[in-house]
Amino acid sequence: MFLAENSDFSLQVVSYILGYFVIFFIAAMAGMVSERSGVVNIGIEGFMTIGALIYSICGVYFHPTMGNWSQILGMIFAIIGASVYSLLHILATLKLKCDQIISGTAINILAQGIGLFVVYSGLIGGDTTKIDSTYGQIAADKGTNAFSIYLVITIIITCILGIYFSLTKTGKRHIAAGENPYALEAAGISVIKYRFIWVVISAGLAGLAGTFFVMIRLQGSFRGDVQGYGFLAMAIMIAGQWRIKYIALFTLLFSIFFSLSEVVPLKVPSIPTGKWMSALPFVFSLIAMIVIAKWSKPPAAIGQPYDKAKR
């Protein structure tokens, strides 16, 4: 649990909702920006894992001498590390034109293997169960941590992406890369360049989401993975139809459901807190995907390797 035990119930709920929201939303945005350019990126889970790992390692070495605000530096290194890791996905999908889903799956498996190895080896910090960054949350309200720097960062990123896709020529070209890449290339604009750039940015955003996961869900520690949150973010992205406003809406709905599944049993002892209760949000996610899949309209060229010869 990531808030004070004696906090007001309503503030507890808000804190949980906002905590889940910033993780899911940034991760969903990571998937969206890649797929809007035409590249399937189911490697969000893997990029989050790499970001979470690097962030935790930074905490071990930076926090004792530089203080709690050094976690900003940890976030930057996490973004850079995840972005560099994305070059594997870029090599496979853009250069070698491999199946993008298979490449993303490999990204996830490799990242989790790296994360678990580093944690269980005890190489960082000596603990073989976790890497403890020792960071504390940076928030205006220390009682609930509801209004945190992580929420501020999320709002800033949302505004930037909203303006980018809605009001800029570059954003329109980005969308065209995923909808009609051959028309974009015919206009003298490189499709590969757009896809390359936004897969890198996608991974960086996922890495940032991984740092949020470490801070908000695990109080600054990393245990080898991100518990499937990357896959949940992909489900939210699809439910939101690759549109920021709808992704935000579904992120809020998912966050509310996840939050209630944790907070309500704590306040109502008669409600059992077994594994089935923890599984309910995932069941909800599955049902939502099944219902919405019928009307799903992904970018027209998503998952299709770009080949100039076919123009």
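Using N, Cα and C of the backbone, Cβ positions are placed for all residues, glycine too.
Small disclaimer: the values here were computed from a predicted structure and weren't measured.
Sequence annotations record features per position, and here TrEMBL assigns transmembrane segment to 13-33, 40-63, 69-94, 106-126, 146-167, 196-216, 246-264, 276-295.
Scored on C-beta pairs under 8 angstroms, the neighbour of the transmembrane segment (146-167) with the top count among 40-63, 106-126, 196-216, 246-264, 276-295 is 196-216. Among residues of the same chain six or more beyond the transmembrane segment (13-33), those with a C-beta under 8 A of the stretch's C-beta atoms are 2-3, 7, 41-42, 44, 47-48, 144-148, 150-151, 153-154, 157-158, 161, 174, 198, 201-206, 208-209, 212-213, 216-217, 229-230, 232-234, 236-237, 240, 242, 244, 247-248, 251-252, 254-256, 258-260, 262-263. Contact between the transmembrane segment (40-63) and the transmembrane segment (246-264) is not supported, since fewer than 3 Cβ pairs fall under 8 Å when only residues 6 or more apart in sequence are counted.
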